[in-house]
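Have a look at the structure below before the remarks.
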Amino acid sequence: MAHQAHSYHMVDPSPWPIFGAAAALLTTSGLVMWFHYNSSILLAAGLLSMLLVMLQWWREIVRESTFQGHHTPTVQKGLRYGMILF
C-alpha cells in the first residue's frame, strides 16, 4: 500500500479475520462435540488454531507499527482514544 498523506491508518487486506472466523467455528463445533460425545480433539484443534491466528495477527500489527511506520503519533492518539471509549 502506498504511503498516503492522511492522519488515519488504512490497513492492507488481511486473511486473519477469515482465519479467525474459521477458528471460532472450529472451536464452537469442538464444544458441541465435547458436550455431546465427550471428545475434546476438535475443541483442542479449534483452540490451538485460534491461538495461532491471534499470534500471527498480532505479529502483523507489530510489523506494521514498528517496521513499516504506519502508526504515526496521530494514529497512536486515535488508537488510545478508541481504547478509552471502548
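Each Cβ is built from the backbone N, Cα and C atoms, and glycine gets one as well.
What Swiss-Prot records for this protein:
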TOPO_DOM  1-15  topological domain 'Mitochondrial matrix'
TRANSMEM  16-34  transmembrane segment
TOPO_DOM  35-40  topological domain 'Mitochondrial intermembrane'
TRANSMEM  41-66  transmembrane segment
TOPO_DOM  67-86  topological domain 'Mitochondrial matrix'
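With a cut-off of 8 Å between Cβ atoms, the residues of this chain six or more beyond the transmembrane segment (16-34) that come close are 40-47, 49-50, 52-54, 56-57, 60. The list of residues near the topological domain 'Mitochondrial intermembrane' (35-40) in space but at least 6 beyond its ends in sequence, with Cβ under 8 angstroms from a Cβ of it, is empty.
Per-residue confidence over the topological domain 'Mitochondrial matrix' (1-15) averages 71 (mean pLDDT, predicted model).
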